[in-house]
Amino acid sequence: MLFLAFHAGSWGSWCCCCCVITADRPWDRGRRWQLEMADTPSVYETRFEAAVKVIQSLPKNGSFQPTNEMMLKFYSFYKQATEGPCKLSRPGFWDPIGRYKWDAWSSLGDMTKEEAMIAYVEEMKKIIETMPMTEKVEELLHVIGPFYEIVEDKKSSKSSDLTSDLGNVLTSSNAKAVNGKAESSDSGAESEEEEAQEELKGAEQSGSDDKKTLKKSADKNLEIIVTNGYKGSFVQDIQSDIHTDSSRSTRSSEDEKPGDESSQQTGHTIVCAHQDRNEDPSEDASGIHHLTSDSDSEVYCDSMEQFGQEEYYLGGDPTQHLESSGFCEDAQQSPGNGSIGKMWMVAVKGKGEVKHGGEDGRSSSGAPHRETRGGESEDFSSVRRGRGNRIPHLSEGPKGRQVGSGGDGERWGSDRGSRGSLNEQIALVLIRLQEDMQNVLQRLHKLETLTASQAKLSLQTSNQPSSQRPAWWPFEMSPGALAFAIIWPFIAQWLAHLYYQRRRRKLN
């Protein structure tokens, strides 16, 4: 406590300040703490009050209508939290609603107010997501805070472990022998590019001719993705004639030797494709042949890039779909007849497989061939490796353009050009199916009408005798027939009497 005393005079003034501080007693501190706690409500009370406001603010005809059981729960928890245990007598039979409320309240027993508040808020959490977002609901959410529990899923952890182990297996450089072939997987394009670079470095040491070819391919900055193929020797045998344009015979003859030497030294597969002589030389091959791992799975898809490449191959220029491989590529041309077109020689490493979107290429006759624009086809043979590897073909036009290789002979890919005809066939089949369905529906309608008419006729025939005689008539014959049988003798006698009377008059 602080006391200040002041005194002022006419000629002078003096000020006396006396400060007296009383001792802080422990019971005073406990009393003040109780008063402060009484003034500041607890967290449960604030949440309870916010939840009560939400329930009270619900419109009668709103989108959210709680059930009677739910309202009884809220009522019982509210009464228990505000008034404590139920001490009232049960209402009479004339107040059924009051009896239901009393039963719900008394069922809580000796539950404390704090527990009732917590239960009220917990029930509110169950339905708060189905309620419309209002200011009261926002206030309640702000008071409650995040009330979702994070549960660790053991299955997800196991799946993550499996994926990590699978990633380790994929990233490992060890090769596994499967069905007589060496199989190893790469984790992605980066690891494949690294392996390609290592193979390029190893190829540089093979000879000076190979170095020249590798430098030419490196200058083009092409993406090289190498997949694992078959392990074993490869015999290269191509029996085909190369016809090129006479105007570019000089440069092609100079580039022919390095290309052949590099392909023989590195053991590459040579894939022949042709280009029309009328096409612009500037529109050379562009795009990327994506080399993917050829596993034994029947259906798989590497990425969304596959679909983009497919669209590019189906809709692009016929001469712009050959991509230079990083191992060996050279334009091999020889002077001769220039009427057919110029050829591109694409060298692909022997143990690899050239794929586009993970699909195989196969000609209609089952053997690799190359076509010309005039419809001519020139077959060339090759020595196959493994169980099903074959040299793919590249034909001109959007329908015949595909680079691929077979896996184990278990999966055969269709030509990309057949997709258009396949779609047309599917459309025709659907149209015919619709026509057949319409015919079937018409026949069914006719059958239904015939059966209905026959049923009506049968009902009419069955109802005809019953309509001729009433239900109360005991005899089998109709009443008219019976009346005619009774009356006709009298009629006959009357007619005979009339005849005799006329005869007598004539005689008289």
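Note that Cβ sites are derived from N, Cα and C of the backbone, with glycine treated the same way.
It should be emphasised that the depicted structure is a prediction, and the values quoted were computed from it without experimental measurement.
What Swiss-Prot says about this one:
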type     : residues                     : note
BINDING  : 55-64, 75-79, LYS101, TYR120 : acyl-CoA binding site
COILED   : 181-214                      : coiled coil
COILED   : 428-453                      : coiled coil
COMPBIAS : 198-215                      : compositional bias 'Basic and acidic residues'
COMPBIAS : 240-260                      : compositional bias 'Basic and acidic residues'
COMPBIAS : 353-376                      : compositional bias 'Basic and acidic residues'
COMPBIAS : 408-418                      : compositional bias 'Basic and acidic residues'
DOMAIN   : 44-133                       : domain 'ACB'
MOD_RES  : SER184                       : phosphoserine
MOD_RES  : SER185                       : phosphoserine
MOD_RES  : SER187                       : phosphoserine
MOD_RES  : SER191                       : phosphoserine
MOD_RES  : SER206                       : phosphoserine
MOD_RES  : SER233                       : phosphoserine
MOD_RES  : SER303                       : phosphoserine
MOD_RES  : SER405                       : phosphoserine
REGION   : 175-215                      : region 'Disordered'
REGION   : 240-300                      : region 'Disordered'
REGION   : 318-340                      : region 'Disordered'
REGION   : 353-419                      : region 'Disordered'
Nonlocal residues around LYS101 (acyl-CoA binding site), in sequence order (Cβ under 8 Å, 6 or more apart): LEU72, TYR75, SER76
Sparsest-packed among the binding-site residues, when each Cβ's other Cβ atoms within 10 Å are tallied, from ILE55, LEU58: LEU58
ASN61 (acyl-CoA binding site) CB neighbourhood, other CB atoms within 10 A: 5
Protein Cβ atoms within 10 Å of PHE77 (acyl-CoA binding site), excluding its own: 27
Neighbour count (Cβ, 10 Å) for PHE64 (acyl-CoA binding site): 10
For the domain 'ACB' (44-133), mean pLDDT (0 to 100): 88
For PHE77 (acyl-CoA binding site): DSSP state (helix, strand, coil): helix
